[in-house]
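Feature list (source: TrEMBL):
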BINDING   123, 124, 125, 126, 127, 128, 129, 130  ATP binding site
DOMAIN    8-79  domain 'MIP18 family-like'
Ligand SMILES: Nc1ncnc2c1ncn2[C@@H]1O[C@H](COP(=O)(O)OP(=O)(O)OP(=O)(O)O)[C@@H](O)[C@H]1O
Ligand SMILES: [Mg+2]
């Protein structure tokens, strides 16, 4: 049988199908392939990643190996994984952003983006928006969705603390911010950008700009769903979110007390005024369920969630019982807890409403 001689072009052609799982662009196109050495039927390549310890490392490695071994005449492939130099990273970032200096719109904000946005809102503070955002995000990730969280509470950020990652500093690749990754999802919060315990002192326009940066300057990769944890009430930031994300859906959180319900309705009215669809209402801290007898105690009253849903013409999607958050260092409920199960159900209900299918097999 005639020997097939393997060429560099054939190697590059085969590798073209391998995508960087983060940016969803070919590793050839993104100049991530270097040092191709062909020795008869043996091929050695080096692939460079943006950051050391990239979590996608083994995924890329496997795909590169498969691609190389699919080339006729190749029987052995060795893959070395390296890290980009600063210049390579600059070029990489420029390619993702588009041309240097050119105003680019984040792929997530483009009209044809398939990412679903859900803003978690409430009329007043402390009802559990951030807790709902975080636990719902984890439930979606567990179902196999690619999830991002924007902590849009620029003054009162709490998402990193809920996830127990307050010490994390996200990597910055040539001014492109890599979101923090934990629990299988991606997070950006103002917390990561302010020196410890310093208050955020910007006003209106700066806040809007920061929020836009959370999309524009952050390399999110592809996401199925993006949750936004809004600050309480109906202020500037909520309005900025509404303006920036015309397709965003709104999830209203309330407590079961009927007085709280009136306030929650206001957040809903605001969403309606800016033509955002309200996808439903979550009643948080709905009741306490005794672990021994299973009996429910309605410590904060009853009926608030149903009342908000009716007033806004939407549905009460979940009632999250009061639970012990302090059991761990995070604000996340264990998956097998009553609350964990309620969030799992909620994620399934929302996915169904949004006709979404998981992207990842879990
Ligand atoms: N179902 C629950 N069971 C027990 N504690 C809860 C529950 N939901 C929230 N909490 C606790 O209530 C407090 C307020 O919750 P959270 O910070 O999520 O509210 P928020 O609406 O985001 O507040 P803010 O308006 O300040 O942003 C937190 O200490 C949180 O741990
Ligand atoms: Mg909050």
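Numbering starts at 1 and runs along the chain as it is shown here.
Using the three backbone atoms N, Cα and C, a Cβ is placed for every residue, glycine included.
On the structure: features taken from TrEMBL.
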{"residue": "123", "record": "ATP binding site", "Cβ neighbours (10 Å)": "23"}
{"residue": "124", "record": "ATP binding site", "Cβ neighbours (10 Å)": "18"}
{"residue": "125", "record": "ATP binding site", "Cβ neighbours (10 Å)": "12"}
{"residue": "126", "record": "ATP binding site", "Cβ neighbours (10 Å)": "12"}
{"residue": "127", "record": "ATP binding site", "Cβ neighbours (10 Å)": "25"}
{"residue": "128", "record": "ATP binding site", "Cβ neighbours (10 Å)": "21"}
{"residue": "129", "record": "ATP binding site", "Cβ neighbours (10 Å)": "27"}
{"residue": "130", "record": "ATP binding site", "Cβ neighbours (10 Å)": "25"}
In sequence order, those binding-site residues of 123, 124, 126 whose CB lies under 6 Å from ligand 1: 126
Where residue 130 (ATP binding site) sits in the secondary structure, as DSSP reduces it to three classes: helix
In three-state DSSP terms, the structure that residue 125 (ATP binding site) belongs to: coil
Arithmetic mean of per-residue pLDDT over the domain 'MIP18 family-like' (8-79): 89
Neighbourhood of ligand 2 - binding-site residues from 123, 125, 126, 128, 129 with Cβ under 6 Å: 129
Summary of DSSP states over the domain 'MIP18 family-like' (8-79), given as helix, strand and coil counts: 21 helix, 21 strand, 30 coil
